[in-house]
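Some features that TrEMBL has for this protein:
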type: BINDING; residues: A:T295, A:R326, A:E349, A:N459; note: L-serine binding site
type: BINDING; residues: A:R326, A:T327, A:E328, A:V342, A:H343, A:Q344, A:F345, A:E413, A:I414, A:S415, A:S416; note: ATP binding site
type: COILED; residues: A:134-168; note: coiled coil
type: DOMAIN; residues: A:251-486; note: domain 'Aminoacyl-transfer RNA synthetases class-II family profile'
type: SITE; residues: A:T461; note: site 'Important for serine binding'
Amino acid sequence: MKMSCLKGTTISFSCLKLAFPSYPSSFQNLPFRRTIKPLSAALQTSPATSPSTTKAEDQVARSHWKAAIDFKWIKDNKEAVAANIRNRNSDADLELVLQLYDRFFNLQKEVERVRGERNAVANKMKGKMEQSQRQRLIEEGKNLKEGLIALEEDLLKLNDKLQLEAQRIPNMTHPNVPIGGEDSSMTRKLVGSAPEFSFPVKDHLELGKELCLFDFDTAAEVSGSKFYYLKNDAVLLEMALVNWTLSEVMKRGFTPLTTPELVRSSVVEKCGFQPRGNNTQVYSIEDSDQCLIGTAEIPVGGLHMDSILAETLLPLKYVAFSHCFRTEAGAAGSATRGLYRVHQFSKVEMFIFCRPEESEHYHEELIKIEEDMFSSLGLHFKTLDMASEDLGAPAYRKFDVEAWMPGLERFGEISSASNCTDYQSRRLGIRYRPSEAPVASPKSSKGNLAPPLFVHTLNATACAVPRMIICLLENYQQEDGSILIPEPLRPFMGGRSVISRKL
Amino acid sequence: MKMGCLNGTTISLSCLKLAFPSYPSSFQNLPFRRTIKPLSAAVQTSPATSPSTTKVEDQGARSHWKAAIDFKWIKDNKEAVAANIRNRNSDVDLELVLQLYDQFFNLQKEVERVRGERNAVANKMKGKMEQFERQRLIEEGALGTQLPLLCLLDTRVLHAGKNLKEGLIALEEDLLKLNDKLQLEAQRIPNMTHPHVPIGGEDSSMTTKLVGSAPEFSFPVKDHLELGKELCLFDFDTAAEVSGSKFYYLKNDAVLLEMALVNWTLSEVMKRGFTPLTTPELVRSSIVEKCGFQPRGNNTQVYSIEDSDQCLIGTAEIPVGGLHMDSILAETLLPLKYVAFSHCFRTEAGAAGSATRGLYRVHQFSKVEMFIFCRSEDSEHYHEELIKIEEDMFSSLGLHFKILDMASEDLGAPAYRKFDVEAWMPGLERFGEISSASNCTDYQSRRLGIRYRPLEAPVASPRKSKSNLAPPQFVHTLNATACAVPRMIICLLENYQQEDGSILIPEPLRPFMGGRSVISRKS
């Protein structure tokens, strides 16, 4: 088991400085009307124990954050970015972003010019001079200062607007990704075959009812529709799935985690999810800046937020167990029966931080792990290279796994593996320092240290418990309504081989 | 393993009808200005799949609910209730409750009298009679369907008839408001207290048993934070950035230790005949209230969801208590014993001081909880059973702990009696609470509407129309911690630390950690 203590070797730095374009460091000391608290203040505070400090932290975290978007690259690759926005069916306004960036760029130069003048005046004041001349310089300095304050405030506002628009630009797309809507997604692989039944097939709801495995009706009264209790052997099946998955993924060198399930909404945003708005999938906490996580991808992505990792630590591979909460706003239709689409579920999630040149390799590794695990459970499934319009904004490429669900009589998604390249790391501020500087730069004052680069992040479902329960119940049902337990899970269910009514 | 499918055998009944005093069933059809939706509407709806139906359900659940408080008993036992309120250090105003109840009682009689008059008028209408008489009665009863006829009639009589109906509407509305006020005050009355419970504050809690002895160390003892840091088991610093203070990641062997604790606990408690559950962790705030917790207010321990009526559970006691809400159970099903695994979420508002280091007081944690529904005469017995299970489990982990009969002022409103277990934590250098077992008698069941039908009717009553069915009685509920994971991790790390900073894994957990016997830096 791999057990490196990471915190000791990471270097913390401010998020504000990470942002490109960057502010001069003196900026934050100016007397703005709007209170601008640098995020770094929150980040560098050690964890507070008194309630009052906690509150201050929360307020700071509510401030804007800036993504380190490479505007120069976007400008230089305008055609490709525009084509990508079209291919992803995104409504990002590239022209507006570039206009705002040009204005920002010019205003920034203007601010620097005025600041230079003011410094020149301040320097002149140091010498001896006549009273009238000093008075004139004071007057001039005052005017310059007021002008500078106004300009700097404009610059901040412009940057906010630029960020708002630019953060909507989706990640670029892998050249092999099929362009188009869901129908264009390409089957990469078909594994196993559908089980044949000599008796009428039941769906998981019917099977679960007979075996007393779920209670949706009471949960609807206690919590709301699409909530559920797991009962009896379903509880043991969930534990077995989680335990088996953790142990399988840990064997492959992943570090196990459990995570907070309440996170600041800024972290949700930095991972590329929208915690607010009418159609949000995210539950927010009243009178707080916190949200419930929809996936452990969010707290695991946040694990190395605002840090520079040593290259030798990469890749960092994690496997996290968490409960996930989703509003499922707007979800309706036939795909919502029983356990298929629910507000709360257990999930084991894989996450990798790696060097950019390795992310494609690890993407393949993740889908291979999924394939191995679902194969060993004897499922019939296909892996898909998802089409461009089906990718979330953070994904560069996404492989879905859809398994055969005989009761629902269709393939259903059971997992998803995404390469997010540097989309999340530019928002979360996660970089690494290459061990070897490419070329020793005499201009660099910091000796031979190579400039830090953004890591790539990847995430993949190892086991979404309710979907897996659907698969197991429907595929392993027997004529008498009992369920065979696949071999690999038996040691995690006390050696039992069957779920039946009478035990 | 016991596997009774309960839902099939329970009988659903409306919460409104359960409440005492009850409304006449015609009540809800009257045109009130205030919208009054009976809870039953929400409760009896089958789980909806379309978003629009969900919304209606949520609104229905936001209506008031009524606890089936036995006001007559309180009135008859006024002195005992008043003494209990004092002993529990509660600020409930019993005098106010009794005043409101008397007002309510009298107003209810008045409503029934007026309704009777009106019904008498309506009944006369049914018989054949002369047209003139019929028209006069129509006026008197102000029957809406016959309105066109009214214009022919003497306006003086019309006025009198209208007054009867309007008077009733006004009275009934007053009755509703009065009942709301009565419920608001009366729901704050704490449960009665077991005669053996020591009266007083926390210091009066009585140690009933001391188990094991504190381990002796030949080296300087570390606390769990230090041990965890060296073994890379927690990350509080990053969690403070990502989520807030008092959140944490578990890493490496701490994850396996959590899974082992949960798996071992579930398997131990299931062996003793408990049915395993996982539960929703978001519940309607009314359920939280019915279990005796306060989901609102400045010092609430409960996280609420924005733009919703839902809360995060602070304990699985809440969704498990709700499992048989608004139902009458067959006596043969009792006792119902459940063991539930859930994550728990608490704001810990107001919590501060030395007891909050590391994993001791955190916003989110895993917990395995036991819960029993039983006949009233059995609850003391099952309370002993629950504390015995806790004792057995903590003993088999080799912990040094004491069991406390908690003092009256330390009981939450629902508890009739509470046994806490406090275990020795060598690093923190004190005993710390690791579990709690409460007998809530009928406090929660009167709010959740959970009754059972005794098999034998006490005396066959010839007047009863429903043959030999005995009247349903409220069940008793009990809850007890089987394993609060972070507190248990504190105990295991601090008690089983070795000189080299490694941790011995107690025997019973080893099969659940792949046979390993030690947590060390290199493993």
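Each Cβ is built from the backbone N, Cα and C atoms, and glycine gets one as well.
Distance from the CA of A:T295 (L-serine binding site) to the CA of A:E328 (ATP binding site) is 13 Å. Cβ-based neighbour count (10 Å, all protein chains) for A:H343 (ATP binding site) stands at 22.
Largest Cα to Cα distance within the recorded ATP binders A:R326, A:T327, A:E328, A:V342, A:H343, A:Q344, A:F345, A:E413, A:I414, A:S415, A:S416: about 19 Å as a whole number. Fewest other C-beta atoms within 10 Å: among the binding-site residues A:T295, A:S416, A:N459, that description fits A:S416. A:T461 (site 'Important for serine binding') sits 5 Å from A:E349 (L-serine binding site), counting Cα to Cα. Closeness to chain B is evaluated for the binding-site residues A:R326, A:E328, A:H343, A:E349, A:N459 by Cβ distance, with values under 8 Å counted; counted residues in sequence order are A:H343. Averaged across the coiled coil (A:134-168), pLDDT for the predicted model comes to 90. In this structure the C-alpha atoms belonging to A:R326 (L-serine binding site) and A:S416 (ATP binding site) are separated by 16 Å. Distance from the CA of A:T295 (L-serine binding site) to the CA of A:H343 (ATP binding site) is 12 Å. Other residues of the chain with a Cβ within 8 Å of the Cβ centroid of A:T295, A:R326, A:E349, A:N459, the L-serine site, are A:I293, A:G294, A:A296, A:E297, A:I298, A:C324, A:K347, A:T461.
In sequence order, A:T295, A:A296, A:E297, A:V300, A:V319, A:A320, A:S322, A:N459, A:A460, A:T461, A:A462 make up the list of same-chain residues 6 or more apart from A:E349 (L-serine binding site) whose Cβ falls under 8 Å from its Cβ.
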